[in-house]
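Here's the structure, in structure tokens; my notes come after.
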Amino acid sequence: MADPTPQMSKLSLQGNAAAAAAASSAPKGTAKRDALCAAELEVQAMWEREKVFECNPSAAHEEKFIVTFPYPYSNGHLHLGHAFSLTKAVFRAQFERNRGKNSLFPFAFHCTGMPIQAAANKLKSEIEEYGIPPRFPEEDPIIRAQMEADIAAAAQAKADKAAATGVKTGAKTKLVQKTGTGIVRQWNILKRMVPEEEIPEFANPVHWLKYFPPIGVEHMKRFGSGVDWRRAFITTSVNGYYDAFIRWQFNVLREKGKILFGKRNNIYSIVDRQVCADHDRSEGEGVGPQEYVLIKLRVLAPDHGQERHGKMEKLLKLVEEEGKKGVFLVPATLRPETMYGQTNCFVLPDGEYGAYYVDATDEVFIMSARSARGLSCQTYDAAKDVYFTKEFGKITCLETFKGDELLGLPLKAPNATYEKVYTLPLLTISMGKGTGVVTSVPSDAPDDYVALKALKDKPDFAAKYGITPDMVDPFDVVPIISIEGYGDASAVFMCEKLDITSFNDKAKLAQAKDETYLKGFTSGVMTYGPYSGKKVSEAKPLIKDEMIAAGQAHLYFEPESKVVSRTNDECVVASTDQWYLAYGEESWCSSVKKHVLDGETFNAYDAMSLEKYDATLDWLKEWACTRQFGLGTFLPWDTKWVIESLSDSTIYMAYYTIAHYLQGENNLEGEESKSPANIKVEDLTDAVFNFIYRKGFPLPEGSSIPSETLVKMRDEFRYWYPMDLRVSAKDLIPNHLTMALYNHAAVWDDEPGLWPRGYYTNGHIMVDAEKMSKSKGNFLMMLETINNYSADATRFACADAGDTLDDANFSRETANAAIVSLSNEAALIREILVETDKSTLRSGEDLNFMDKVLENETNRLVRATEVCFETMMFREGLQKGWFEMMIAKNQYKSWCQDSGIAMHEGVVRKWAECLIIVMCTICPHWSETLWKDIGKEGLAVKAPWPIVGDEEKLLTRQAKFLRDSLKTFRTSAGKAKKGWKVATILVAEEYPQWKVDALLWMQTKYDQASGSFPDTFMSDLKEWSTANVSDKKKVKLTMQFVSFMKKEVEDVGEMGMDIKCPFDQLAIMNESLAYIKSQLNLEELGVGRVDDSELAVPENTSQTVAPGKPYLWMR
């Protein structure tokens, strides 16, 4: 165990003295914050000295609990987003610790992959070009202004183009959004985090691994994270121990047939020359390849004598002279089965296209440069290893065209009923998707139908683009698919149904497209062609294969949406030789699904999360698990490959269980000389890991590691596993979290009992209801936030931010309020239990009504908070365990003061002790300090969860009766006429008969076993009241009354239907009379029954009084 940091070693836990001293010397306005911070440093120093969070297997603990958190990437400091997600793990670990479990929270730092390598390379280039310190061109105001103007102009041009085509986009580029200027330098990024004189060292990627992880440890400690730091480590081959573990893992996966080799289509960066996985991306995480079919529409000789076709005529002549096989416009479609209905082809008039030579087919394809770039990375014939182009990633452009130069060209469209179709304009084409060429099937594509109809109906519009009537008028809709309820031209049907008259009706067109495409595939039947009579879902693959075999089409892939690598390269889909994990393999997938969907074996904590896991398991398939560039572990059997960052992060939770034998504290990089068990990296053979982690493997022969040590490591793994909980943000569901399930199921396929027991996922964090952004000034770093608000107030605000998959909101106002609230409550508790003369407080077993209420509220709220924390609902737990505890205490304190009765020391102490331990989950430093201050032995973080009695429902109802009555009285008093001084609280013991009848009927409908009414309750009520309430005027009143009482029953249980008030209302009101009188600021107040003849209560007043619903009668 390392010594405390210098900052911590000077401090000791001395109760409130140090905090008070800090507060007195702090600048005005920060005294309470500074006092909290000072106390936190004392507590953290004490925790380190006493090794509080170091966890070892112990026979004394019958239950263990291990929670883990995805190790953060170590290319900078931790920010508030990390802190927010982190609190879910930290809170749960501390909660289980207080529940008496041996609760372990380990932590590590991820360095594998592209980001650090790419940043180091960028810095190296900047230094080589601009020197040390660099003199960047933009430091010259004139040059900077020009650079910013160029970036802004490019962004505006992009926005203008998007606006013209109806595509929404921001007016700024991503770089401008990030920096406000668009000029990003790696040197300047580092300058915000490290001393400038040290920046040159970051040109070496290994320096990042030495610099940022130790800082991360210190920031985590300052947050009070409760980590067992003996088990911490960094990834990559720099850490030999972890490197050996990952090599073993991959050898096991290969042994079990889970890792295969071959050509696969993956998201790929041409600049980086390798596959670009989720964590290698700056944009497009979670995006996969999308399969299209390129339809080859042969360009025929132009037949209208239009001058704009000059380039095409020359190209056709060149192709003919060189003996090439033709020129083709190649739209990319998802619906090859609809090609029988082609009437034309669309291009974007101002789009930029090229004529690209395809070596594999000896043809020329007209398409966008972006799509041609992608095509050059894909196979024409995967089985024969033939690519579309001779050189991977490169394609020859023979000519360039504006879209306008392609308009009016005659085409021969495969499978079309028309011998010849024409190229027409479509203004909504996106050049960032597909090839920029769109085939037109107006029978089944609403966009195509509307565009073709516009050209037919508006000759002036067609003439603007040089489109003559004979290019559009002869081409009628060709029915090819019949859909029940939609006819044989679903696009026409939907456009008429939704009254779509223009392609500016974007919302309606989107609705029509979604509906026709879905219905067409699921319910459509082919009515044209050789597959007439077959369902579309059956015919589609047959038609696709037939067209490809005939040379009329080719498969083409591109990302589902835009993907940008961390080197700022827009990625394509490439077919590359690749080692890949066979995710999606039927038996593997089904075993994981069975585990995840069984509530007995796996807890997703949220139905929506569970749905996401189920969906991910359906679509996650073969995953490229290696790269040829970046930091990481080399593939053991093929060392030219490096294991990528998501694939070396799937079972490392098991490494935590033995890391303290191998590395120990302050040894993140795994220096052998610091190994606590004196284990050398070379001794960590597969046989050693097999013995530790896998059932049935013998002690390795000839190992240099003592057998006792190996047995201890094996036993420790078996003690901590399975992992009880993993906490993460929701964006890791489609990759890391599901992959971890797959890998556990593979490595321990014979022991499902070792697979993860639960995953909790949360949304992202906003700050003051806005997305965190440097430009908005609300991008908060973790340490910065701690320094501004204290660790506990930050944790408090994180708990209050939210728990669901929806994005949460960190409120700085809440953090500030928490500083005040925590400080004030601590002061009050000390005042009552430490500083106040005990003789001024009551004691003994004689409790008054309000003593019992506070005790009961404490019992209720402790139990309610426990349920919330156990189900990861920390915001609701904070509501119960803090805010409602405050309400209960405040009411008790006011009641005692106004009644002139001393507080009961035992009752207040129980409340305070429960509050301190309940809040230890969220604000452990505050709890630790206060625990000591009120004279408790031991540590708050180790103290048992409060043992409380069952809630007395009747007492809860009595407390609510007093609280609600006072609220109602305040309203009545506020409406009293001037001069009214006499006030009487009127109570009723019984309901009028019509209400009694209604309550008795409710009792017959109530199911005691389930504690609920039937789903048909309200319809049953209407039927009963109509038949049984003789006074028809009272039918509506009866239904309103029963509806109200139903909610009452749902709150308090069956007693809500009692026909008489189950408690003595007069006694409660009389005992609380002084309190109520003071709260209402009344000079004279009495209590009486509404039917007391001496009071002579007017009838209209008496009608407002009911059992449990008193009335303040003023006159």
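Cβ coordinates come from backbone N, Cα and C, glycine included.
Curation plays no part in TrEMBL annotations; they are all automatic predictions.
Features of the protein shown, as given by TrEMBL:
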DOMAIN    43-122  domain 'Aminoacyl-tRNA synthetase class Ia'
DOMAIN    218-810  domain 'Aminoacyl-tRNA synthetase class Ia'
DOMAIN    851-961  domain 'Methionyl/Valyl/Leucyl/Isoleucyl-tRNA synthetase anticodon-binding'
DOMAIN    987-1061  domain 'Leucine--tRNA ligase RagD-binding'
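Taken residue by residue, the domain 'Aminoacyl-tRNA synthetase class Ia' (43-122) breaks down under DSSP into 35 helix, 13 strand, 32 coil. Counted with DSSP, the domain 'Methionyl/Valyl/Leucyl/Isoleucyl-tRNA synthetase anticodon-binding' (851-961) comes out as 84 helix, 1 strand, 26 coil. On the 0 to 100 pLDDT scale, the model's mean across the domain 'Aminoacyl-tRNA synthetase class Ia' (43-122) is 94.
Helix, strand and coil residue tallies for the domain 'Leucine--tRNA ligase RagD-binding' (987-1061), in that order: 49 helix, 5 strand, 21 coil [DSSP].
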